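Trainee: Dumping the structure here so I can ask a few things about it.
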Amino acid sequence: MPSFDVVSEVDTHELTNAIDQANRELATRFDFKGVDAKFERDGDVINQFAPTEFQLKQMNDILRARLAARGIDVLSLEFGDIETNLAQARQKITVKQGIEQKIAKKIAAALKDAKLKVESQINGDKLRVQGKKRDDLQDAIAVLKAGKFELPLQFNNFRD
């Protein structure tokens with residue numbers, strides 16, 4: 001029976017490249033000259049530091065542009081609250097990997113509502129979709145691409 005997996009993953013190598021590019025842009029921008037502002041990556045968390053909250057918001061725009069240029073969807077980021085003190089402001093940005101149970105149920109419900117001849121089952125942080133024909137799977141992919149979910153979806157592990 002043909003099948004494929006629906007996942008939501010971020011390429012960590014591209015994420016590192018995007019953060020490096022954003023740091024290089026910070027070093028060359030005139031409005032950040034002489035300012036201790038930087039991005040740091042720690043696993044699936046990006047920490048950004050700047051002297052003021054306003055500069056953090058400017059850094060968010062820089063990061064979004066660099067991520068988009070590297071092919072990383074900004075929907076996979078979860079921006080935390082801005083913490084400020086006298087010396088600096090900082091913000092944690094969490095990179096979401098995998099599909100949460102709640103969203104996986106929404107995706108499965110969307111496939112059922114489309115009345116396609118496919119079955120879906122939740123396997124941890126991914127969703128397996130099976131159908132009798134490859135055409136049914138292609139229709140399922142079209143339905144999922146048209147749907148609005150809170151995170152970017154990728155389709156992999158195609159089996160015939």
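Backbone N, Cα and C atoms are what each Cβ position is placed from, and that goes for glycine too.
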Trainee: Check Swiss-Prot: it lists Lys132, Arg134, Asp135 as binding 3',3'-c-di-GMP 2. Then name which of Asp73, Asp81, Asp160 it lists for that same site.
Mentor: Asp160
Trainee: For a quick check of packing: other C-beta atoms within 10 Å of the C-beta of Asp135 (3',3'-c-di-GMP 2 binding site), how many?
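Mentor: Excluding its own Cβ, Asp135 (3',3'-c-di-GMP 2 binding site) sees 12 Cβ atoms within 10 Å.
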Trainee: In terms of DSSP three-state secondary structure, what is the assignment for Asp135 (3',3'-c-di-GMP 2 binding site)?
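Mentor: The residue in question, Asp135 (3',3'-c-di-GMP 2 binding site), is helix (DSSP, three-state).
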Trainee: Which whole number of Å gives the largest C-alpha distance between any two of Lys132, Arg134, Asp135, Asp160, the residues noted as binding 3',3'-c-di-GMP 2?
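Mentor: Per the listed residues, the maximum Cα distance equals 12 Å.
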Trainee: Among all protein chains shown, how many Cβ atoms are found within 10 Å of the Cβ of Lys132 (3',3'-c-di-GMP 2 binding site), not counting that one?
Mentor: 12
